[in-house]
Amino acid sequence: MILDYGSKIGVIACSNGRQASRMAEYKALYKKLEDKYGISVVEAKTIYASGNSIFSGTPNERAHELHNLYGNKDIQAIFDISGGDVANQILPFLDFEWIRKHEKPFIGYSDLTTILNSIYTLTDMPGVLFHLGSDSLVEFERYFIKGEKVVLKGDFMSLDNSLSGILIGGNIRCFLKLAGTPYMPDFHHKILLLEAQSGDVSKIATFIAQYEQLGAFSRCKGLILGQFTEAEEKGIRPQIDTLFKEIGEKYQLPIFKTNQIGHAPHSIAVPIGREISIKN
């Protein structure tokens with residue numbers, strides 16, 4: 001998608017509320033967007049955590065504020081600047097028909113994996129896995145201003161050299177919150193993207209086991225593995241790659257590994273709920 005000069009974007013925190021001490025940081029970000037791209041920001045009322053809590057509002061209040069951003073005809077896209085644990089609290093309060101009727105992209109990462117995939121499942125509307133911040137403006141410009149095509153760089157861990165299909169998933173832990181709910185996408189013929197900020201070998205192994213028990217690997221078309229930040233910092237990423245290689249061999253799945261998707265500032269924007277193609 002392309003945001004033109006003079007566009008308006010909505011900003012919200014559907015997961016953990018942002019600390020009030022970061023207010024100046026966000027104001028500086030908004031000023032950069034205005035000065036460099038002519039983009040103005042409409043803030044939801046549910047951005048900052050209130051009092052000693054982690055919440056920017058009740059689940060219903062956060063959902064209501066998201067509805068307001070969708071209903072605002074001047075807003076071209078909605079960026080969620082939060083992350084953490086509690087985004088899935090708002091799912092029962094979302095009016096997906098309202099969201100479908102006021103179609104615009106929802107953009108977020110990490111815990112917002114839950115909302116991105118829920119919107120795709122119930123409305124067939126794509127979203128974008130990306131975190132807007134002062135340190136990610138280079139990638140913001142490439143995808144949202146210049147409209148550059150997503151080109152993933154990396155290597156296949158399998159013997160394959162191409163992979164194409166509709167992309168679902170995101171954060172390996174947060175996506176599992178949708179298991180057993182009507183918000184989980186159908187894995188059939190999809191490409192499953194998995195990345196993680198936290199998680200040692202044992203935690204990632206349990207996540208992989210749950211995906212297998214959900215039938216994800218027997219039904220999906222292939223895997224894209226992004227950054228596994230904690231594992232990489234601890235030097236144990238090869239052990240995690242081995243776990244996935246075993247899954248790939250068991251289910252004859254193409255597996256593509258890239259360091260472009262995850263929690264690092266250089267992470268690129270990728271569409272959730274739309275076709276993506278990879279060729280080596």
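Here the Cβ of each residue, glycine as well, is placed from N, Cα and C on the backbone.
What TrEMBL says about this one:
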type: DOMAIN; residues: 9-126; note: domain 'LD-carboxypeptidase N-terminal'
type: ACT_SITE; residues: SER110; note: active site, nucleophile
type: DOMAIN; residues: 164-278; note: domain 'LD-carboxypeptidase C-terminal'
type: ACT_SITE; residues: GLU195; note: active site, charge relay system
type: ACT_SITE; residues: HIS263; note: active site, charge relay system
To the nearest Å, how far is the Cα of HIS263 (active site, charge relay system) from the Cα of SER110 (active site, nucleophile)? 8
Between the Cα atoms of GLU195 (active site, charge relay system) and the residue listed as 'active site, nucleophile', find the distance and write it as a whole number of Å. 9
If I take every residue in the domain 'LD-carboxypeptidase N-terminal' (9-126) and average their pLDDT values, what number comes out? 98
Once near-sequence residues are set aside, which residues in the chain of SER110 (active site, nucleophile), 6 or more away, have Cβ atoms under 8 Å from its Cβ? SER15, GLY83, GLY84, HIS131, GLY170, ASN171, CYS174, GLN197, HIS263
Per DSSP, what is the residue count of the domain 'LD-carboxypeptidase N-terminal' (9-126) in each of helix, strand and coil? 58 helix, 19 strand, 41 coil
Just to be sure I understand, if DSSP states are collapsed into helix, strand and coil, how many residues of the domain 'LD-carboxypeptidase C-terminal' (164-278) fall in each? 44 helix, 32 strand, 39 coil
Applying a 10 Å Cβ distance cut-off over all chains shown, what neighbour count does GLU195 (active site, charge relay system) have? 27
